[in-house]
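Pulled from Swiss-Prot, these are the features on record:
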SITE      Lys25  site 'Transition state stabilizer'
BINDING   Gly60, Gly61, Arg82, Asn187  substrate binding site
SITE      Lys247  site 'Transition state stabilizer'
Amino acid sequence: MQVASVLSRGLPYIQRFTGKTVVIKYGGNAMENEDLKSSFARDVVLMKLVGINPIVVHGGGPQIGELLERLNIQSRFVNGMRVTDAETMDVVEMVLGGQVNKEIVSLINAHGGTAVGLTGKDANLIRARKLEVVNRSPELERPEIIDIGHVGEVASVNVDVIDMLTRSNVIPVIAPIGVGPDGASYNINADLVAGKVAEAMKAEKLILLTNVSGLKSKEDKVLTGLTAQQVNDLIEDGTIHGGMLPKIRCALSAVENGVRTSHIIDGRVAHACLLEIFTDEGVGTLISRN
């Protein structure tokens, strides 16, 4: 009876979201715990089975760091971003485009899905431009541009490739590597790639899996539903700060550029994606334009 009740409660959501696109940024604990990996793969397969088009964009920072350490390649960070020279970029491509991407693809396929792994270099899926980091320290006479190597931002997304895959019942799994005008590879923040893919696809939802239970008030209570304006107010008054800011800016940009809702959800919870999409309660914070 309990199973029947769960399925019955999910039916209106299945009907509402059939045929819609959901972009999921997969990272954090959900990528490290074996049980959470399996629950995520099952969630994605089930979404596809009920007619939703999931698109997975994944990170892999810890795995990159581990291999660089094993290879005795020193990592340096500027404003939280890994300085990526040519040697480091080779490692990034091996880890993201090879190890991590293929593990996710295999896991989804093992649970009955049909996943295909891509990097942004495949069919020019993600065109990139070099990211400029500017040091505006008051000690400097003028702003200083810091070269952080092969770190980029999204210039454009080839939606035709993704459309072709989703129409053929395939689940795209995208590694956040872009290609520059000269053919060079660029390492791009996975949240940013997920957000730009969601915007380009006019997705119904952008879901960012995190290691937190959602956005919290100053009283440490999870804020389950916010408008873009309310989020901007929370940034302004310092409630949202630090490492969460880049994720929130991606989520805000998405809802301001055609995505219906963005979700900051707790990837430490089993079946977090299904709970967020198919239940009233959810497992995080929903952000809408208004």
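Cβ from N, Cα, C; glycine included.
Excluding Gly60, Gly61, Arg82, Asn187, which define the substrate site, the same chain contributes Gly59, Ile64, Gly65, Thr84, Val92, Val95, Leu96 within 8 Å (Cβ to the Cβ centroid), listed in sequence order. Cβ environment of Asn187 (substrate binding site): Arg82, Thr84, Met89, Val92, Leu96, His150, Val151, Gly152, Pro176, Ile177 lie under 8 Å away, each six or more residues apart in the same chain. For Lys247 (site 'Transition state stabilizer'), the nearest of the recorded positions Lys25, Gly60, Gly61 in terms of C-alpha separation is Lys25. For Gly61 (substrate binding site), the same-chain residues 6+ apart in sequence whose C-beta sits under 8 angstroms from its C-beta are Gly27, Arg82.
The recorded positions listed here are Lys25, Arg82; among them, Lys25 has the most other Cβ atoms within 10 Å of its own Cβ. In this view, the densest Cβ surroundings among the recorded positions Gly60, Lys247 belong to Gly60, judged by other Cβ atoms lying within 10 Å. Reported as a whole number, the C-alpha separation between Gly60 (substrate binding site) and Lys25 (site 'Transition state stabilizer') equals 11 Å.
Under the DSSP three-state reduction, Gly61 (substrate binding site) is assigned to helix.
According to DSSP, Lys247 (site 'Transition state stabilizer') sits within a helical segment.
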